[in-house]
Amino acid sequence: MGCSGSKNASNPKDGAASKGGKDGKTTADRKVAWERIRCAIPRDKDAESKSRRIELFKQFDTNGTGKLGFREVLDGCYSILKLDEFTTHLPDIVQRAFDKAKDLGNKVKGVGEEDLVEFLEFRLMLCYIYDIFELTVIFDTMDKDGSLLLELHEFKEALPKLKEWGVDITDATTVFNEIDTNGSGVVTFDEFSCWAVTKKLQVSGDPDDEENGANEGDGANAGDGVPAAEGSA
């Protein structure tokens, strides 16, 4: 489920989503899983969500270092959040989220060598995963015929929904052609999701903005990013 490559345009629009789905999960599978997962990911900025994030970070941090490697994050997404109920492409999604959070954290802290995620970046990583999952649900509603591919008319019909999500489009045809990177005349989920996440970040800023980053830092020990006790957050 990477950011490049389209499904071969010769693949017929045959309603495959109702049978096996874009990644082995059906639309019904994802809908059921999403209702649980959207509540399980503590991405909001309120005190309760932050407290849940602290506990979740500790559960992910099996080595007790205050820093998460990719394997710890992936294992936690499987065993604790059980995100594989939604998709069979979880490693790819988590890798993207991990890299995004890590890179932003290194930029904020003025370092660029660590291949780790600390508590400061943890919320951003969760937000990115949430966004990809939410985009999958949106794509399911846009893909009216269940072909796993979007045509221009389906994209145009979904403009109000995309605006609600945070992406306002004025020239649908031009944007559709930009998303369709291989010129096949249809858009795959990979093309759509990579475009939508990037566009949302350009318009609204990273899901974990600078103000929130500072607040999250209050919940971590300076220097090592280990979550402090809940009362000190």
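Here the Cβ of each residue, glycine as well, is placed from N, Cα and C on the backbone.
As written in Swiss-Prot, here are the features:
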- Asp61, Asn63, Thr65, Lys67, Glu72: Ca(2+) 1 binding site (BINDING)
- Asp180, Asn182, Ser184, Glu191: Ca(2+) 3 binding site (BINDING)
- 1-11: compositional bias 'Polar residues' (COMPBIAS)
- 20-29: compositional bias 'Basic and acidic residues' (COMPBIAS)
- 214-225: compositional bias 'Low complexity' (COMPBIAS)
- 48-83: domain 'EF-hand 1' (DOMAIN)
- 130-165: domain 'EF-hand 2' (DOMAIN)
- 167-202: domain 'EF-hand 3' (DOMAIN)
- 1-29: region 'Disordered' (REGION)
- 203-233: region 'Disordered' (REGION)
Q) Whose Cβ lies within 8 Å of the mean position of the Cβ atoms of Asp61, Asn63, Thr65, Lys67, Glu72, the Ca(2+) 1 site, other than those residues? A) Phe60, Thr62, Gly64, Gly66, Leu68, Gly69, Leu116
Q. Counting distance between Cα atoms, which of the binding-site residues Asp180, Asn182, Ser184, Glu191 is nearest Asp61 (Ca(2+) 1 binding site)?
A. Glu191
**Q.** Candidate nearest Ser184 (Ca(2+) 3 binding site) in space, where candidates are the binding-site residues Thr65, Lys67, Glu72 and distance is Cα-Cα
**A.** Glu72
(Q) On a C-alpha basis, identify the one among Asp180, Asn182, Glu191 that is nearest to Glu72 (Ca(2+) 1 binding site); the candidates are the binding-site residues. (A) Glu191
Q | The one of Asn63, Thr65, Asn182, Ser184 whose CB sees the fewest other CB atoms within 10 Å, among these binding-site residues | A | Asn63
Q | Secondary structure content, the domain 'EF-hand 2' (130-165) (per DSSP, counts of residues) | A | 26 helix, 1 strand, 9 coil
Q) C-alpha of Asp180 (Ca(2+) 3 binding site) to C-alpha of Thr65 (Ca(2+) 1 binding site): distance in Å? A) 43
